[in-house]
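Chemist: Below is a structure I'd like to ask you about.
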Amino acid sequence: DRQTLVAVLQFLRRSNLRESEEILRREARLLGEDLGAAALSPAAAGPPGAASGDGDGGGRAEQARDSVLFCSGCLTLAVTNAFAVGGGVVVEDQPDVSAVLSAYNQQGDPTLYEEYYSGLKNFIECSLDCHRAELSQLFYPLFVHMYLELVYNQHESEAKSFFERFHGDQECYYQDDLRVLSSLTKKEHMKGNETMLDFRTSKFVLRISRDSYQLLKRHLQEKQNNQIWNIVQEHLYIDIFDGMPRSKQQIDAMVGSLAGEAKREANKAKVFFGLLKEPEFDVPLDDEDEEGENEEGKPKKKKPKRDSVGSKSKKQDPNAPPQNRIPLPELKDSDKLDKVMNMKEAARRVRLGPECLPSICFYTFLNAYQGLTAVDITDDSSMIVGGFADSTVRVWSVTPKKLRSVKAAADLNLIDKESDDVLERIMDEKTASELKILYGHSGPVYGTSFSPDRNYLLSCSEDGTVRLWSLQTFTCLVGYKGHNYPVWDTQFSPYGYYFVSGGHDRVARLWATDHYQPLRIFAGHLADVTCTRFHPNSNYIATGSADRTVRLWDVLNGNCVRIFTGHKGPIHSLAFSPNGRFLATGATDGRVLLWDIGHGLMVGELKGHTDTIYALRFSRDGEILASGSMDNTVRLWDAVKAFEDLETDDFTTATGHINLPENSQDLLLGTYMTKSTPVIHLHFTRRNLLLAAGAYSSQ
């Protein structure tokens, strides 16, 4: 792209890097030309790279050009590194606020902005139906950038009138963003505003068919509408695809996030979504065998009877990651024992389906004036924990077995370590109670998570820390400090040892219980990370954010391998299907969206809730998806039907032409109201009884 070259050459000349300039001139065959003249060639000569064969070639060339034109001295890394040897060019990783804003120094005639915008609006509204839906996506990002440009160049009255005239035309799901925007009325306001900076630095992504794009380009060039064309080139990333334009319904399903849609490239990486092989050991079958376990708690080796229960097919799942892709903790004897119990329970599990819905047992927290902010239930459903706004963490036993602490060190010395019931003897009966309160946080507790072996509990808080508690002594073992702001969610890996946290600082962090520093930092969201979830194989982590996107991260290398857009509000719940193939997400928009992880596609939308969805859970076999919401209901959905006959052919994957069924009501199996209790947690027991939890609100 010629303009980019010229800009780079001028930069080299200003920096006295003559040799580099000569080399680049020779490469680019621009030997005898005068740079000054070349630089003045009109920008409207056509979009850099727009006509290239590849769908997003236009975007790539635009990106290269952008970074040169307005990083004011910090060139694209590739260019800088090539010449850094010559004259020590400073590379800044983070875009500097003033550098970023200076891109708005375009001096168009402020009085004509309304005319430009309404001209484009009329053109789009009068274009053919098939193009209108696609081109309408331009309204919002153009509106924001034109408004910001007016404000930055201190045309305050024009900016105000522009905002008042056109803000009502924007889609309803941008209302919150527009509210923030309306408060930016002076150049000074823009300096410290994060939302504003995000919008400026991350290009707004639009996915448009080649025909619609050519139509737009022709219109803007005929009208000599350079102001809008400049914005399109500099601030938008247009992902062009060949084929039929998408319908309004298809576009609406996918848009709505802070930075537009995800580029198609973002969802191309291979994801190992299969499950890891279960370790093999024999399972005693009958109840009589329960006494037959020897002292160490290991099950006796027995000749397996007809197909030992729960033993999964021994073949490796073709989509599974290599067994040792990330190091996982060894199974302890107690873990093996627990697995045996789990398999026995599974043998008695109820097969759910449209004809056989689960019973639901609801735990209501009464008189929770401390404000219940988080709940978790152990995998074996023996304990429940609540995190509260008064900074306490409270653990209850939900079985007749009371919670007991280990005896003090002096008393432990007296115990015969060889005795059969040593594990019983170390417990102090005097401490037995149904409830234990854990003190340590200095702010509301927003997330809690039990370890799979039930020895530990995690809690995260507004105070910026994640704490690890022992459930043997009911004391705090570690405070993990890394987030500087409130931590909204934390969760243990299904294998224990690792855990993830996400917070107001827009990043998720991966930790191991024995390291006080995070092992990985997952950065990329444009707003708070509101919820986190491990994939069942523990190789991936999903994060939901207030930027209205869901991202899937690879634990091995920290890369973002999927970006899912489509929610119209902050995301508050995530659930992976037990087979690892699908992800369900719930948000403040009251919709549950279903995603095929392998293909990186939205495959379903469940409508019915009227308020934020705070809880999602698949049944143990994955037949039913339960969702719990602030609208005081639990809804059950037919997951088998939702995921059958999916169209995931190459064309759909390539263009994102998704066809969601019109009506999700035929997937709804039941709606269960509480009196006045928002549902904030759901859990299926090992036998598929559904447990729900929330705090009664008297309003």
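Count begins at 1; order follows the chain as displayed.
The backbone N, Cα and C atoms fix where each Cβ goes, glycine too.
So TrEMBL lists these for the protein:
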type	residues	note
COMPBIAS	41-51	compositional bias 'Low complexity'
COMPBIAS	283-294	compositional bias 'Acidic residues'
REGION	41-60	region 'Disordered'
REGION	283-337	region 'Disordered'
REPEAT	365-406	repeat 'WD'
REPEAT	438-473	repeat 'WD'
REPEAT	480-511	repeat 'WD'
REPEAT	522-563	repeat 'WD'
REPEAT	564-597	repeat 'WD'
REPEAT	606-638	repeat 'WD'
Chemist: Which one, 365-406, 438-473, 564-597, has the most C-beta pairs under 8 Å toward the repeat 'WD' (480-511)?
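Modeler: Ranked by Cβ pairs under 8 Å, first place goes to 438-473.
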Chemist: Please check if the repeat 'WD' (438-473) comes into contact with the repeat 'WD' (564-597), where contact means 3 or more CB pairs closer than 8 Å and the residues in each pair are separated by 6 or more positions.
Modeler: no
Chemist: So which residues does the repeat 'WD' (564-597) touch in its own chain, when a touch means Cβ under 8 Å and the partner is 6 or more beyond its ends?
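Modeler: Hits for the repeat 'WD' (564-597): 173, 253-257, 260-262, 271, 273-275, 319, 527-528, 530-537, 542-546, 548-552, 603-618, 620-622, 625, 627, 629, 631, 637, 639, 642-643, 646, 648.
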Chemist: Within the same chain, where does the repeat 'WD' (365-406) have neighbours whose Cβ lies under 8 angstroms from its own Cβ atoms, ignoring anything closer than 6 residues to its ends? I mean 6 or more beyond.
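Modeler: Beyond its ends, the repeat 'WD' (365-406) has Cβ neighbours at 338, 341-342, 412, 426-429, 431-450, 452, 454, 457, 459, 461, 463, 469, 471-474, 680-681, 683, 685-686, 689, 691, 693-696.
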Chemist: Helix, strand, coil: count each for the residues of the repeat 'WD' (480-511), based on DSSP.
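Modeler: Summed by class, the stretch gives 0 helix, 19 strand, 13 coil.
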